[in-house]
Structure formats: structure tokens, C-alpha cells
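*Asks:* Here it is, the structure in full.
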Amino acid sequence: MVILITENPHGQFTTEDYTVFVVMLTVSAAIGIYFGFFEGKKNKTTEDYLLGGRKMKVFPIAVSLIASQLSGVSIMSVPAEMYSYGAQYWIIAPTMIVIVMIINYIFVPVFYNNQITNCYQYLEDRFSPAVKKFVTFTYVLNIYLILPIFIFIPSLAFAQVTGTNIHLINGIVCCVCIFYTMLGGIKAVVWTDVVQGVIMFASCFLVVAVGVIKIGGFGEVFTRAAAGDRLNVFDMTFDATTRQTFWTASIGNVFLWTGYLGLNQSCVQRMVAVPSIRHARSALWIFCAGFIIITSLNCFTGIVIFAKYFDCDPIKVNLVQKADKLLPFYVQDVVGNLKGMPGVFISCVFSAGLSTMSANLNSLAGIIYEDYIRPFKLFKHTDASANLTMKVLILFSGLYCIVMGLVVEQFGHILQMVVTIASVTQGAVMGIFCLGMLWPWANKHGALWGSAASVIGMSWIIAGAQFAIKNGELSYPPKPTSVEGCAEYGFNVTQSVLVQSMNDVSDNGFSIYKMSFVWYSTVGTFLVFLVGIPVSYLTGSQDLSKMHAKLISPVVHRWLPKEVTKSELVLKTSAVNPDDVHIKEWVFTPAEEQKRKVLRESNEHVL
């Protein structure tokens, strides 16, 4: 007879658990109702709906960034990554300090000096409308490919601990997210993120704490993890085909996360929703601290899960179908007997998914309206018509996510899949912004051909890698696990019987298709430079004497002609209180003033 490992058997989600979960959804919906109706008079303009009137507070924005960047994919898949492949992924936590420094001192000043609220507007100002349209299209395509995954993963966890139909719960929760995002705009998104962020931190901490206590303390956890080769953080292997090493987790993630955090419209939209550049930088540093704490907790959770099942792998005995379902199974086992705790955990995963989905729905609606609907002048543009159109876009985008759950269900390792999909365009986006801000000689031809080459090149590499995986020519075998202790639970098995078969991959030398997926964004970024710089020179480099210094990052101003830097945009403030640094007056040079007059009509409500 097989004895169940968990004290809360599959399908026995208690009344207390359901209550906690429903309360979380109710609070999220209530925030949307509050900002949609009771605060409706303050949410009439497009700027209010998308930017909160540029009066958002630093701490809520910081927590919102934490909650939305640490999606359900992170909560579920990072522990699975640690369990299967070891601790190398944790390097991303301290690396975030470097990433935030890059964003704060290279990208943020440019966005503020150009009054950018739609980050892709910068590409039109720096290069041309064609460049902006191309990159905007890649952003929209990328979000539509990846967004269904963010909300489906929490549904996966819910189905694991309750037995509920995964598509039913996916539909219900998506509808709640659509509801409060449509009604409340950015204010509802940010304040639901604050509530959901608190739930995420509390539940992650409690699950880890109870697990460590039941295993026998930190010493026992680390002893078991070390014996299972799960603590090798500093794998210094110089091999681009190795799945995770110190170099992939640090350098590779710098390119991936800098683009994802600093050049993603949903993030930029919140950065510029605060009154000043100083507030934006403060919000990013608070985000950095929170990210390091939550990511470290997620990583340690994976180590604790391995320590718990170090001698009886639930995957090998078919108690769990794949690694991405390990965390909800572990929660059932460790805290399932504590009423309400599984509900807290499920609320944590859904909070992460909802925050990511709502932030992306809000920014996606703004981008589509501004770039693909408004230019056609199908109806008279007013704040009311713009807000209504964006609400309809949010509705249809949310319904699309529900339907696409049928496809996401077929995916394998979720973290790898998310990084792979994002990397098709992430490198091109990172590269073209860096080309524009850091290479003043780049022109519109170099930018367009460089970004196109990056997208095409990365699509080719990623497609080749996926075919190699499908044909068994490429695999990432997980670190070994044991079933020696499974007899305690009634499983009459041996290690030799249950060792998972792995395709033997013959070593035929380096192949670009065997490159670790973590390097995709890095390669995509360099492709932009490798193509963009030569094309710029061949087609006539940008005339620096006609360059606007505000379009170039301050870190490279020393290479600009002095007459250009002297005519740089000046920002004045008339705030009495030094802490109240709301923008009061923008002073333009004569040339900039002429351009401003031409663009004023179309840009008065730029996202």
C-alpha cells in the first residue's frame, strides 16, 4: 500500500483555503471598483488612466515593480530550477544591483529629459517613425506570445492542490484581472500590486520557514543540498553550451533583465508616473532591494524542496508530473495540515501572476491605441473615447489569454520557455536603445537594419535549437536525484529502475544551436551593433552638429561637440519644498521649439 507523502491529500483544499483565495480576489476587484467609480473623477484623462497624473508615490511604484517582475513564473519555476539544476540561478539576485545602476544612469535620464512616457517614442525622436513602428510591433508580438504564460502558471498550481479544471480557474481569475485593470487604470494596477506584493512576501517566507523547521534546521538543509550537488553557485565553466554557469547567470542576465526592466513599456510607464527623476531612481533602488530578497527566498525554497525530498524524488515516482508542479506539491506536504496555508500560497502565486498580467494589459492597451488605432482617425480623439477604446482592448487581450491557456498547457519547462520566447525580440530592443543612446553616430538606417537582423538572426538560432531539442540532439539533463528513501512511503522501487533516460548527445563540437538559452538576449543585442554600426557608416553617419544632446545618454556626452551639449534641454523647477520636485517648466532651444509646435497636436496625450 502506498502511503501519501502529503498530509493534505490531493483535492482536499479546505474551506479556509478557499476563503483566503476568494478574499485575495475580492480585494483586487474592490481596488478596481474604488479607482473606477469612487475615484473616477480623477481618472478622466488619458494621462490619469495610464500615468496616475504623474503623482504616484515612490514606495507603491517600487512594490508594483517588484510584484509585476516576479511573476507566477518566478514563484513556481525558480524553485523548480534550483531543484533540478542547482543554485547557479541565484547569481541574478546580486546582479540586479548592476542592472539598476545601468538603468538609472543610462536610460532614466534620457526618458525624463525627453518627457518620454511611451518609451518607443524615443526611437522616433532619435531615428525615424519606421524604426519606432518596427520595434513597437516586436513588443506587441512578444507580449501576446508571453502573457498567457504568466497567468496560466498560477492556474497550474491551483489545479495541482485542488483537482479543479485548470482552464476553468484560469478563466475566472483572468476575468477578475480584466475587471480591475479596465476600471481603475494604472492606479488600480499599482495598488493591487502593493497588496499582492505583501501576500507574496509573507507566503514565501512562511512556506520556507515551516519547511526548514520540519527538515531539522538550516544545517540539515545545507548538508543535504551539498550532498546532492545543489550549492555550486560559482560554476566558472567557460562553455556557452552549459545551461547555467556563473557567466550565463551574471552577464547573460544583465542583458536580459536590463531590457526587460528598463526598456519594457509596462515598467517605463510606472517609472515616469512619479514626479521626478530622483523619485524614479529611488523607486528603482527600493525595487532592487525587494527583488534581491524575494528572489533569494524563491531560490532558497528550491533548495529546501530538494532537502525535503533528497532521498525520494516525487517526479520519479510519478507523484508530480514535472518540476514546475513541485512547489504546490511541497506546500501540500509541509503546510497542508495548517488550515489556510495552502490558500495563502495559492494566493501568493496568483498575486504574482495577476500583477504581471495587469501591468502588461494596461501598457499594451496604451501602445496599441496610440500606434495602431489613433493614427487612422476612425473616430474623434477625446480622453473619453481613448479610455473606452483602451478598456475594450484590455477586455479582448484578456480573453485571448484565456483561450491561449490551451496551448500553454503543452509547454515543457516554463522558465526556459519564457526566456526563449522573450529573447526573440529582447536582444533587438536592448540593442537598438543602446545604439541610440550610446552611439551618437548611428543613423536610422543602421538602427532599422540592425534591429531587423537581430530579430531574424535570433529567430533562426532559436528555431534551430527547438528542432534540436525535438530531435533529441540537444537536452539539459537535470542533476541526479535519489529514490532510496521511497520505501518509507510504500514505494517498492530501486534507483536503477527509475533513473530517467536521457538522450546521449554526441560531442560534435560547438554549434550555435547548442548555445544556452540564457545567452540569447546577449547575442541579439550584439547583432544590432554588428550590423547597425557598419550600415550607419555606409549610409552616412549621423551629423553630430545636428544632434540633440538630450537624445544621448549623459555618460557619452563628452564625445559630443560642445555647441551641442550647451544647447541641451534645461529643466527648471519652481517647487518651494526641495522634496516636491514636480516639473514646472520645460525650456527648449529654438530648433526644438519648432519641432515641438509641429508635434504638439499628436503628442499632447502621448502615452
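In case you wondered, yes, glycine gets a Cβ from its N, Cα and C as well.
Predicted, not measured: the structure shown is a model, and the values here were computed from it.
What TrEMBL shows for this protein is this:
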TRANSMEM  18-37  transmembrane segment
TRANSMEM  58-77  transmembrane segment
TRANSMEM  89-113  transmembrane segment
TRANSMEM  134-159  transmembrane segment
TRANSMEM  165-183  transmembrane segment
TRANSMEM  190-213  transmembrane segment
TRANSMEM  245-263  transmembrane segment
TRANSMEM  284-307  transmembrane segment
TRANSMEM  344-369  transmembrane segment
TRANSMEM  414-439  transmembrane segment
TRANSMEM  446-469  transmembrane segment
TRANSMEM  517-538  transmembrane segment
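I would like each feature placed in context: is it buried or exposed, what are its neighbours, and how far apart are things?
*Replies:* When Cβ-Cβ distances below 8 Å are used as the criterion, the transmembrane segment (245-263) is approached by residues 65, 69, 88-92, 95-96, 98-99, 102-103, 107-108, 119, 233-239, 419, 422-423, 426-427, 429-430, 433, 516, 518-522, 525 of the same chain, each at least six residues removed from its ends.
Within the chain carrying the transmembrane segment (284-307), a Cβ under 8 angstroms from the stretch's Cβ atoms is held by residues 58-59, 62-63, 65-66, 69-70, 74-75, 78-83, 87, 89-90, 92-94, 96-97, 99-100, 103-104, 108, 197, 200-201, 204-205, 207-208, 211-212, 215, 220-222, 224-225, 228, 230-231, 271, 326-327, 330, 481, all 6 or more beyond its ends.
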*Asks:* Below 8 angstroms Cβ to Cβ, which residues of this chain, lying six or more residues outside the transmembrane segment (165-183), approach it?
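*Replies:* Sequence-distant neighbours of the transmembrane segment (165-183): 25, 28-29, 31-33, 35-37, 151-152, 154-156, 158-159, 189, 192, 350, 353-354, 357-358, 361-362, 391, 394-395, 398-399, 401-402, 405-406, 409.
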*Asks:* Among the recorded stretches 89-113, 134-159, 446-469, 517-538, which has the greatest number of Cβ pairs closer than 8 Å to the transmembrane segment (344-369)?
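*Replies:* Of the candidates 89-113, 134-159, 446-469, 517-538, 134-159 scores highest.
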*Asks:* Given a Cβ distance threshold of under 8 angstroms, which distant residues of the chain, six or more beyond its ends, lie next to the transmembrane segment (517-538)?
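*Replies:* Same-chain residues near the transmembrane segment (517-538) but 6 or more away: 240, 243-244, 248-249, 251-253, 255-256, 259, 416, 419-420, 422-428, 430-432, 434-435, 439, 441-443, 445-447, 449-451, 453-455, 457-458, 461-462, 465.
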*Asks:* For the transmembrane segment (134-159), give me same-chain residues lying six or more residues beyond its boundaries with a C-beta closer than 8 angstroms to one of its C-beta atoms, as numbers and ranges.
*Replies:* 71-73, 75-77, 120, 123, 165-167, 169-170, 173-174, 177, 264-265, 324-325, 327-328, 345-346, 349-350, 352-354, 356-357, 360-361, 364, 367-368, 371, 397, 400-401, 404-405, 407-409, 411, 414, 417-418, 421-422, 424-426, 428-429, 432, 448, 451-452, 455
